[in-house]
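**Q** Feature table excerpt (TrEMBL):
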- 1-98: domain 'C2' (DOMAIN)
- 128-182: region 'Disordered' (REGION)
- 159-174: compositional bias 'Polar residues' (COMPBIAS)
- 246-367: domain 'C2' (DOMAIN)
- 410-541: domain 'C2' (DOMAIN)
- 660-700: region 'Disordered' (REGION)
- 670-692: compositional bias 'Acidic residues' (COMPBIAS)
- 955-1080: domain 'C2' (DOMAIN)
- 1127-1253: domain 'C2' (DOMAIN)
- 1305-1342: region 'Disordered' (REGION)
- 1333-1342: compositional bias 'Acidic residues' (COMPBIAS)
- 1363-1416: region 'Disordered' (REGION)
- 1371-1380: compositional bias 'Acidic residues' (COMPBIAS)
- 1389-1402: compositional bias 'Basic and acidic residues' (COMPBIAS)
- 1479-1608: domain 'C2' (DOMAIN)
- 1729-1879: domain 'C2' (DOMAIN)
- 1979-1999: transmembrane segment (TRANSMEM)
Amino acid sequence: MALQLQLRTVSGLRGRADRIAKAAFRGLSFYTRVLESCEDEARFEETFRWPVASNIDGNEILEVQVFNYSKVFTNRLIGTFRMVLQKVVEEGHVEVTDTLIDDNNSAIQTSISIEIRYQAQDGTVGTWSDKEFLETPGPRSEGDSRSPLETDSLLPGLRQSSDVSPGKSSQQPADRSFRRAGKGVFSAMKLGKARPTKDDHRKQDEPAVLEAEDLDRKAMRLGGGLDPDTISLASVTAVTTNVSNKRSKPDIKMEPSAGRPMDYQVSITIIEARQLVGLNMDPVVCVEVGEEKKYTSMKESTNCPYYNEYFVFDFHVPPDVMFDKIIKLSVIHSKNLLRSGTLVGSFKMDVGTVYTQPEHQFYHKWAILSDPEDLTAGLKGYLKCDIAVVGKGDNIKTPHKANETEEDDIEGNLLLPDGVPAERQWARFYIKIYRAEGLPRMNTSIMANVKKALIGENKDLVDPYVQVVFAGQKGKTSVQKSSYEPLWNEQIIFTEMFPPLCKRIKVQIRDSDKVNDVAIGTHFIDLRKISNEGDKGYLPTFGPTWVNMYGSTRNYTLMDEHQELNEGLGEGVSFRARLLMSLAVEILDTSNPEINSSTEVQVEQATSVADNCTGKMEEFFLFGAFLEATMIDRKIGDKPINFEVTIGNYGNQIDGTAKPVLRRKKEGGDGDEEESELLQNSSEDEGGEDGEMVSVSSSQPMKPLVTDRNYFHLPYLENKPCIYIKSWWQDQRRRLYNANIMDKIADKLEEGLNDVQEMIKTEKPHPERRLRGVLEELSSGCLRFVTLADKDQHHSSRTRLDRERLKSCMRELENMGQQATTLRSQVKKNTMKDKLKLVQNFLQKLRFLADEPQHTIPDIFIWMMSNNKRIAYARVPSKDILYSIVDEEMGKDCAKVKTVFLKLPGKRGFGPAGWTVQAKMEIYLWLGLNKQRKDFLSGLPCGFEEKKIARGQNLPSFPPISLLYTKKQVFQLRAHMYQARSLFAADSSGLSDPFARVFFTSQSQCTEVLNETLCPTWDQLLVFDNVELYGEAHEMRDDPPIIVIEIYDQDTVGKADFMGRTFAKPVVKMSDEQYCPPRFPPQLEYYQIYRGNSTAGDLLAAFELLQIGPGGKSDLPPIDGPTDMDRGPILPVPLGIRPVLSKYRVEILFWGLRDLKRVNLAQVDRPRVDIECAGKGVQSALIQNYKKNPNFSTLVKWFEVDLPENELLHPPLNIRVVDCRAFGRYTLVGSHAVSSLRKFIYRPPDKKAQHWNMTAKHLKGYLAMANGAPRSRPTGEIVVNMEPEVPIKKMETMVKLEANSEAVVKVDVSEEEKEKKKKKKKGGGGGGGGGGEEVEEEEPDESMLDWWSKYFASIETMKEQLRQQEAAAAEAEEKEEMEIAEGFKGQAKSKEKSKAPKDDKKKKQQAAPELPEKKNKQKIDELKVFNKELEAEFDNFEDWLHTFNLLRGKIGDNDDNATEEERIVGRFKGSLCVYKVPLPDDITKEAGYDPTFGMFQGIPSNDPINVLVRVYIVRATDLHPADINGKADPYIAIKLGKTDIKDKENYISKQLNPVFGKSFDIEATFPMESMLTVAVYDWDLVGTDDLIGETKIDLENRYYSKHRATCGVSQTYSIHGYNVWRDPMKPSQILSKLCKEGKVDGPHFGPGGRVKVANRVFTGPTEIEDENGQKKQTDEHLALTVLRHWEDIPRAGCKLVPEHVETRPLLNPDKPGIEQGRLEMWVDMFPMDMPAPGPATDISPRKPKKYELRVIVWNTDEVILEDDDYFTGEKSSDIFVRGWLKGQQEDKQDTDVHYHSLTGEGNFNWRYIFPFDYLTAEEKIVISKKESMFSWDETEYKIPARLTLQVWDADHFSADDFLGAIELDLNRFPRGAKTSKLCSLEMVTNEAELPMVSIFKQKRVKGWWPFVARDENDELEVTGKVEAELHLLTAEEAEKSPAGLARNEPDPLEKPNRPDTSFIWFLNPLKSIKYLICTRYKWLIIKIVLALLLLIMVALFLYSMPGYMVKKLLGA
C-alpha cells in the first residue's frame, strides 16, 4: 500500500528566487531539492512515495507547499495546495493542475501541476482478497457496512504465502541500500533516529525503495532545517540512538521502587484570623497534619484573633504517603481542658498540593473557612497562614520577613493553588463499586488457615469489601462473605468542596477478618487526570471501567513480606484483582432546601451496569520469545531456572488452574458468570477446531552456566524458548492506542531534547538547528495524532471520560502543534535557552496526557523462578507491547527485542540489593487480538525455524514452542576502555580500587584494577573473540545487542563492591565494509554511570563490533599500537581512537590546609599535599607543625603534562593529603578530585583586541569593562559623572569605546543620594525638613534616626526590588506566551515589534524627570540586605583562593547525596592554573612579573596575621521550635578557634523570631582560627541546651578576597550620626591601596570635584559637615564614588562588598539538608597592625516607647434592647461598655452600668487608661507576661495595636449578654462621625474608601463609631453607637498632666445626666413605682379611670334598668 505523488511544475511565480516545495501526508513531509534562481516556472519533476499501513480514507488530505528558499532566514511561503483524496481513492490515479492559495485562503496566480497514484495492497483499489484473514468469511469491500470498530480490528497486516514461515530469512536488501547511501554523509547510528518507521513490518512483496538521491532530501526532512548539517551528530549515549526496528531501548536507571521513606517537614505558621462568624468568641486554631494535632493558644472574646504561632511536623514516610496526608486547619470556639469546644469552620488541603506550589509553599495566604456540617452556610471567616513542605535537600526561599504594614487584600491572597476559583462550591462525589473478579485464591489470615486445616472446609476464603478514602474521609461497602467474585452494586458518596484541594482518591479492596483486615489491592485515582479545568473542560468522571490492582505475589505464606505493596506503596509485583467501578461528581445547589446538608460519607445501593458497558469481550494473544538470559545473580544458586509470564491471572501457575473454563462460544457468549470465569484461565487441554492451542506460560527449567565470578547465564545458544497465552479482555484498545501515539511523540521529543542538551554541553555547532528540527517533528506528530484519534468517535462502550479526554487531548495537541510551529520560527542562537525550557514544558504535558487513567488489559509480569521459588521480576505495561496495524498506535516495544533487567520485589529491592542486576533478558513480546495474530513473529531477528507442539505441526498460524536459529554470524567485539571519572568512593579511605567488567551476550571481561583512585585511566582494549549472534547479518549491523559495563571496587578480601553501571551500543562493521572514516575508527564518548537512581560518574570509552568474514580474523583491521611492556599482556587503546595530546603546564598555588580531622584516632601533624593529573604530578612542601601554622611555606609549584586537545576529554586532577609519620610511613588523610579543569584553564588574551567592547551587565546600569589588552593604557579618559542625573530606566546599554576616544559615561545615582545632595546643598540643619520641599510627614530629626531606621528602610527597598523583578519576569513570560500564541505572521511584523521597545525606552527616559518632585519620601541612608549568604552573591569569595573539600570514607548506601557533609575530613586551600606551553612572551615580560609566582602574581603573603573580628547578629527568623510548647528560648553562641562565647544569660524567652541586636568582638589569628561558627541554642532550665541550628563562615577567604569583604563600603561617607564610617581606613586610603595593589594609575584628585583612576574620571561632591554643621573640604566622597564603581575600572576592577546584612540559613547536623531557621548578621574584620577601629555600631533592639492611651466613653446611642421588663414587658437594656487594648482581656476596663435604658441611649462620661509599650518601626505593642503559672519567666509578645470596645447588657443572675463590638487599629482607623446620625455600618465594611487616621499622628480624636455584630444570617448589623474620645500621650506627657480612672481625680469628669429609671427597682421600689405612675403612665392611668367610670355607669344602668321598667309598667 502506498501513495505516490509526482510533483511536476509550479508556474506563474513572481520575481527571481530559489524555490523549494514540501509535500506532506499523514504528518510525514518530504522536501524537494532547491531550484536555484528560477523565475516564473519551477520544474521540480520529483516523485515522493508514502508507504501506508492503513487504508487511505476518502477525506484525508494531501498538502503541497511552495516556498522561497533562504539559507539564512526561515523560508517564505508562497502558497499552499491541499487536495482531498476521495477521487484518488476511487480511481487510483489522478492528474491535477490547480492554483495555490495563500495564508488567507484566497487563490493566487501561481499554479501547480501534479500526478497522484494510490495502490492498495494487491493493486486492486477497493476490495481485499479473501486470503487476507484468519477468520473472515468471504471477500469484503471498503464500503462494507460493518461497525467501524470491527473493521479497525480486522484491517489486514500483510499475509505471506503460507509456504514461507513468517520468520524465514527471505528479506531483500532494500533497507541496506538506504543505509549504504547514508554512510558517507552521517553516522548511520544517528540517522535512524528520526527516520520515520512507517515501513516497519518490511513487507516481502513491496520493496522499501529509497533512491540514493532521495537521501539528501531525507536528511533535510529529518533535521527540519534545510542544510545537511541540521542532523544531530551529537554524541549521545549510544543507547539512546535506536536505529532498526527490531530492538527497543533499555531503561538505564534501575529504579529502586518508589516506596522508600524520606524525611519531610511541614511547617505551618498561623498568623491571624479575620471575620470569624459568631458573637464574642474565644477562638483556638487546631492544626492537623495526617494524624498529628497541635493547638494555638486561646484568644478571648475577639472575632479577629492574632496568633503568629509556628508549628512544625516532622515525618519519615514514603512520598506517596506524605503527599496524600491531609492538612486540616480548624477554628474552634472556647475550647478548654473540660470541653472540646464548637467548630466554627475548617479548611483542608493535601500535602501534595502544597508541595507542587512554587518553592513548595504558600506564604501569607488566607484560608477560607467553611463549616462541613452545614453546606448551606456561607464562609465562616478567614485564617491567614504560611504553609511549607520541605523534603530533604529542598531549600525554601522565604520571602524576607519585615514589618508587614501593607493592608491585607484578603480576596487577592487566598490560600488556593493557581487556577482554583475563590468561590468554591460544595459537590457530591459518587463512587460506584459494582463488582470485582480475580481475587487471590486464599485468605491470608491465620484464622482461616487454621479453620481450613481443622474442618477441611473448602469455601472461598475471602470476605472482601471496598474501602474508599478521599480528603481525609473513609467510606466502606458492605462485606461480601466468602466470595472470589463479589458483587456489590453500591455507591459511596463523599461531600467535599469543589474543586477539592486533595488530588487522589484511594480505592482499596480489603479482606474482612476478625483479627485484622488486610488490603488485597489498592488503586489511586488522580483527579487531575479525570477532569479538566479549562473553559471547555469537564468535571471529574470515570468509568464504568475495570481497574487493575497490583500488589504482592500470590504465593500464600502465612506472613506476606510484601504486604505493603498491597497498600499501594511501591511497585506491585503481581496482579491482585480487578474492580469494576465508576465515579461521577455533581455540584450541589446549596440554596435548595431539600438538600441533605451533612457531609458524612453515605453508602447506598446503586443500579448495576450492563455487561457490555465496558467493551466487547475479545480473545487476546500474547507471544513471547526468550532470546537471551544472562547476568543471572550467582547468589540465586545453580538450581534449574525457568521464566513465567502472566497477564492478569492467565498464565499464573498457582491461581490459573483452579477452575476448568467453560468453552467459549464463538459469538461472544453471554451471561455474567461466564465472563468472570474466563479470568481464571486454565491450562487444561482445550482441544477443538483448528487445533485450539493450550497456553504455555513458562519456559522449561534449565541449569545455568557460570559467566564469571558474579553471574550465571542460561545456555540457550540457537534454541530460543517461547511462551504464548490466550486471554479474554474487554476490547478497549483505543485507549491504549491513543496513549501510545502520544507516548511516541513524547519519546521522540525527549530524545531530540537530550540531543540538543548534549550538543550544548559538548559545544557542538548549531544546536538551535537541531531544536528547530525537534519542533518540526513535534508539530507533525501532533497533527498526525489529531487525524488518527479522530477516526473512531462513535464506539458503543466508550465512557464519558473517553469522549472528553479525546476531545481535550485533540485540542491540546492541535494547540501544541501550532505553538511548536510558531516556536520553531523564533528559535535563534540567543533565544535557545528560554525556548528549550518551553519545549520541556511540552514534554511534561505530553507525558501527563498520555497517562490513561482507565485501565484495560493488565500489565504483563515476567518472573524468574529458581527451583520453583520466585526470585526476581520485570513488569511490562501492556500498552507497550500492544499491536496495531497503524504504526503510530503500536506499542513501542511490540514485536521488538527488548532488554529487560529483572529486579527484586518490594522492600528487598531497596538499597544496594536493588542495584545488582538479578538477570538481564533479551525478550521479544507481542500482544494483540487473536484474529490479528498472523504477524506476531515479524519483528524477530530473521533466520529461524519454528518448533511447534505435535498438534500444531502443520498449522501455519500456530505459535512455536521454541525457535531454532539456523543463521548465525560471528563477530569480534573491541571495547576501548579509556578512563572513568567522578566514581563512587567505595573504601574507607574515600577512594576506590576500580576495575570495569564488560558484558556482551554471554561473555564478560575485566580491565585491570587501578588502586586508590576515583578517576582511573585504564587505557585498555578488551577483545571478545568469536561472539556468536543469531539472525541475519544486516540486522546486526543496524541493531546490535547492547553492551553492559559494570564498575566494581576490588577488595583484598571478600567480593568486589558494585560501584555503578552503564550501557552502550557498539558501532558495527560488516565483513564487506571498509574500515574507514567517517564511522571508523569510532570516537570516544562519555557514558553516564548510574548506581541505583543516582548518577555515579562517567565512563569514556568506544566500542566496535567487527564481523569475522569468510577469511577469518586476518581480514580485521590489525590491533596495532605499542604493547605496553610494563603492563604485561594488556593492550592499550589504539592510536586512531585515543585522544590527540599536547603539552600543558599545570601551576598549583599551595596556600594551606584547614580543619583536618583525626585519622585513625591520631591527630594530623605533618601533612603534605600530592597533586596528580594524567600520571604526572607534584608534591607540596611539608607543613612542619600543623597546629602551629597550617599554611605552606612554598606557595607556587608546577609540572608539565600531556593532555588531550579536546578539553571535554581532560582527565580529572586529583588532590591528596597525606600525613607523614615517623619511620617514613605516611597515611592518607583525604582526597579531592577536580573533575573538570575548564574553569582553571588560562587562555592568553588576543593581542589584536584593540577595541574594548563594553556592555552594561545585569541591569547594574554601570559599565562593566571587558578585559582589554593587558597593558595598553588608553590615552583617552572616560568621565563618570556622579552629579544627580535624570534617573534613566536602567536598560542594557552597549557603549563601544575606542581605545583612545574621549567619552563621558554618566552613571545614574540612586534617588536617595540625590535627595541627600539636595538637602546637603540647601544646608537645612541636620537634614531636618527645612529644604523648601513640601513634606507630608514631618521628617524625623537626624538624632531620632538610628541603625534600625536604616535597616527597615533597606528592607523596604529590597522588597520593592524583588517585586519589580517578579513583575518583570512575569511580564517577560506573558510576552513570550503571547508571541507563541499569536505566531508571527511573516518577518515584517517582528521587525516592527523589535522597533517598538526602543521607542518605549525613549519615552520612558523622557517621562523620567518628573520623578524626583513626586517622591518626597524621607531619605535615610541605606545598606544592602542580602536575602542569602554573602558567599552566594560573591561566588564563595573564590576569586583567587579556592577551597577544595577533602573527602574520606565510603559514600553511604542510602540513595542520598547529603552524606557528603559527613565525609569531609578537612579542606585544602589553593588554586590551579592550566595553560598550553609555551606562553606568549609579553605576559612574562610584564613589569613586576615574578617568575616564582608564575601566573599567580600579586598574591599576599600567607604568614599568620592577627585580626579583630566583629560579629553583628541582628535577628533570627522562623526558628525550629525546640520546646514542647512549640516555642524556643534562643540565645547566640559564637565559636572561633579557641574563643567560645555563649550569650546564655541574654536568652530571649519563648520566641521563634527573636531580635538579638548584639555585636561581639573576637581576636583571632589567621590561618589557625578562620572558621567562624554562629549557632543558635535553645535555653533549657534543666538539662543541656539544644542546638537549634548553626552556620559556618570561612573568614579567611573573605579576608583575602579582592571583593574586600573585611568591612562593607557604605553608601555615603559621614563622620557622625547613625551612619558613621565604620572602617579605620578612610575611602581615599582604601582607594590608594587598591590602586597600588592592582597596578592601576591613580587616584589623581583634580579641582572641581574630579578624580581620575586609570582612564576613568569620576565627579562628585567635595564638602562634608561635622557635628557642629561646619563645612570642610574633603576628597572622601569622591573616593567613595570610585569604590562604589570599582568594577568599572579596567583589569583590576571587581565589585566591592557594600555595607550589608546577610541572611544565613541555620542548619542542624541531625537534620541534614533541612533549614532550621535563618539568621541575619554581618561580620567586620580589622587587621590588628592597622589603627584600631572605632566602637561597634549600636544595633541593640529598639526599646519600645512608653505611651498612655486615654479613652473617654461619653455616650452610647441606638443600642439594641435585650431585656423584657417583668411588669410591663417592655424592652430595655442595662448598658455598659467594656474596652481593652492589649490582645487579651486581662487589662479590660468596664464603665458603670446605665440601667434600664429604654431608648438604647446611655450616658457614661467614663475614662479608661491604658498604658502600653509600643515599637514605632514595627507598629506593634510589646507585652511581657508569664504564659502560665508554671512558667519560669516572662515571655515577650508583639501584637498589633488594636483597641477593642464592646457594648454589653448587664444581667444580675445570669451571664452578661454581648451586644456588639468595634475594633480600631490605632495606626489606621476610620475618623469618627460628627453625630450619631452620620455614624453607619459603612465605617466598618468599606474601610478602603474612608479617610483613615492614626492616633500616633493625630494624638486626639473624638467622634461616633458603630458597634457591630452578626445576625442569624451571618450578616453584619449595627447594634449600637458609641461616642468616644481617644487621647494618646507619651509617658512623660502623661506624668505631667495626670488623669484619673473612671470619673476620679485628677481631672475628674462630671457625673452623667441619667433619667431616674436607672434606679434599681428592688432597692427603691416606691420610687420606681412613683416614677412609673407619675411620669410614664400618667395619661394612660387617667384614660383607664375614665373608661372604668363609664363602664360602671353602663353596668349600673343595665343592672337597674329592668326594675325600673317593671315599676313603670305596673305603675307602681
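Every residue gets a Cβ built from N, Cα and C, even glycine.
Bear in mind that TrEMBL entries carry predicted annotations, made automatically and left uncurated.
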**Q** Sequence-remote contacts (6 or more beyond its ends) of the transmembrane segment (1979-1999), Cβ cut-off under 8 Å?
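**A** Same-chain contacts beyond the flanks: 1973.
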**Q** Hey, which bits of the same chain come close to the compositional bias 'Acidic residues' (1371-1380), Cβ under 8 Å, at least six residues off its ends?
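**A** Cβ under 8 Å, 6 or more out: 819, 822-823, 826, 834, 838.
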**Q** I'm a bit unsure how to read this: which one of 246-367, 410-541, 1479-1608 has the highest number of Cβ pairs shorter than 8 Å with the domain 'C2' (1729-1879)?
**A** 1479-1608
**Q** With CB pairs under 8 Å as the measure, which of the listed stretches 246-367, 410-541, 955-1080 comes out on top against the domain 'C2' (1479-1608)?
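**A** By Cβ pairs under 8 Å, 246-367 leads among 246-367, 410-541, 955-1080.
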**Q** In the predicted model, what is the mean pLDDT computed over the domain 'C2' (1-98)?
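**A** When the pLDDT values over the domain 'C2' (1-98) are averaged, the result is 85.
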**Q** Let's see if you can do this one: DSSP helix, strand and coil counts over the domain 'C2' (410-541), in that order.
**A** 16 helix, 57 strand, 59 coil
**Q** DSSP says what for the domain 'C2' (1-98): how many helix, strand, coil residues?
**A** 6 helix, 61 strand, 31 coil
**Q** Could you give me three numbers for the domain 'C2' (1127-1253), the DSSP helix, strand and coil residue counts?
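**A** Per DSSP, the residues of the domain 'C2' (1127-1253) fall into 9 helix, 58 strand, 60 coil.
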**Q** Determine how many residues of the domain 'C2' (955-1080) DSSP places in helix, in strand and in coil.
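**A** The counts are 6 helix, 61 strand, 59 coil.
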